[in-house]
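Copied from TrEMBL, the annotated features are:
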COILED    172-203  coiled coil
COILED    399-459  coiled coil
COMPBIAS  491-500  compositional bias 'Polar residues'
DOMAIN    12-281  domain 'F-BAR'
DOMAIN    392-469  domain 'REM-1'
DOMAIN    538-599  domain 'SH3'
REGION    310-340  region 'Disordered'
REGION    477-522  region 'Disordered'
Amino acid sequence: MVSLPHRSVLHGAVSAPCLCCPKGKDQFDNLEKHTQWGIDVLEKYIKFVKERTEIELSYAKQLRNLSKKYQPKKNSKEEEEYRYTSTRAFLATLNEMNDYAGQHEVISENMTSLITGELTRYVQELKQERKSHFHDGRKAQQHIETCWKQLEASKRRFERDCKEADRAQQYFEKMDADINVTKADVEKARQQAQLRHQMAEDSKAEYSSTLQKFNSEQHEHYYTHIPNIFQKIQEMEERRIVRIGESMKTFAEVDRQVIPIIGKCLDEITKAAESVDHKNDSQMVIEAFKSGFEPPGDIEFEDFTQPMKRTVSESSLSNSRGDGKSEPKFGGKSKGKLWPFIKKNKSPKQQKEPLSHRFNEFMTSKPKIHCFRSLKRGLSLKLGAGPEDFSNLPPEQRRKKLQQKVDELNRDIQKELDQRDALTKMKDVYIKNPQMGDAASVDNRLSELAQNIEKLRLEVQKFEGWLAEVEGRLPARNEQPRRQSGMYEPQNPSAVNSCAQDRESPDGSYTEEQSQETEMKVPATDFDDEFDDEEPLPTIGTCKALYTFEGQNEGTISVAEGEMLYVIEEDKGDGWTRIRRNEDEEGYVPTSYVEVYLDKNAKGAMTYI
């Protein structure tokens, strides 16, 4: 605290009462300069706090923008990624940073209201008070200076009258001593001297009265007025110093008040970080991308020690050709028969068979060719377009997508039902209180909602049918997987019989109207092998299996992940590519399961590749 100097220091000793001296004026001017400096310090502090609030607001805005920038967008792929614990923790961090920014906004608001606003009003009041105090000081100073001037004038007048009275007395005495002067002149000189003496006495009395008055005013000035003014200025200055100290304390307290909330934000960020579960995230990845296919089993041993009796694995697509005989199967096809157009070496018996007989047998097996065409049509979709039933996905992923679609449709149905219930209640209110509205005005909307609900329910039934179909085809968890050795097991009669009638593509994902043709049971003929004499389709490229595919339906071929094969027929837009493993093993696989490398110079290759 700065104490104002005492009167004796400001104005000298008591024995030097002259206030109009330069020293007294300088002390008053010094106080004026000092108090103005105090106000300048206060205004500088106000400016400092204002800039601090602007920084807090800018920082809060930048934090909010940063949090908003990294928030997942609605209905985007990013939103699906936030189901993992690590990404959820990041999302929690973004939300906490948004709250963290809010605390900085609170700091700015509190500093503006408690410090900047209050100090600005106080500075205005302080300026008015300071102006009033120094106005009173100048007024008191001017008053004492006026009294001093009156005293000086009275003193000079008394001095002048005394000198004139003395000169008049000397003149009278001179005239009285001169014998040549008449008595009248002497009397006149005597009267003039008496008049001057009287005037001197009057001036003396006036000077004495003025002096007493000045001394009284001077005492009042130095012991009452000026000390009071100085005391008020000192109190004003002390209040300013106390106020700026309290503002600084408030400055710190505003920050301290939000520290617990900021601490909670940081605690929540720490809690979110501790909630990251790597095991859970890994399991979610496994659940999201598992194909649903069973791992392959062991490859059976093939004995090549007997040249003419080669043992074929149970899952092989080709059969033994040593003696030209084949085991009978449904429809007359041998167990290893994959396609009626696969080239095979004919046995001598087959070469001697009349062509007309083999042709008749081929005509009787026409339903199987229809079965192949039906299978090949598969997914009649445009290139790049995803099917509605997600049949281009592996079984497990397809099941999940279908389940998500069913859940989404059920949520849409619930929303429509909620709207219908709300409109129904509104209609009841309108019926009971016609003044509130027309009940007939909601009928159109209710009808529209009913139609929407019916459409959504039909969609749900459609997707639930596909979902039931997929779940029925997924293998059980406890089944022992068996290695197919790149081929598949022979079809059972029911599977073959349903080839032309079931509404399925090779992977069981495509449906079409049931064929009116019936599968004809005909004995095995050698006519099929007549067509096998035709040259096989040329190779137009190679492909690499991206995933393992188990060809469970006729016309397909099993492939293992990473296996290299030959492409003999490219995708025609139905989602299937025809490939060949060796001379006797060829079939169709989903195009999405392989990466195709077409030969530009091959016949039949696409010109734009």
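Cβ atoms are placed via backbone N, Cα and C, with glycine included.
Over the domain 'SH3' (538-599) the predicted model carries a mean pLDDT of 87. According to DSSP, the secondary structure content of the domain 'SH3' (538-599) in residues is 3 helix, 29 strand, 30 coil.
Sorting the domain 'REM-1' (392-469) by DSSP state (H, G, I as helix; E, B as strand; all else coil) yields 72 helix, 0 strand, 6 coil.
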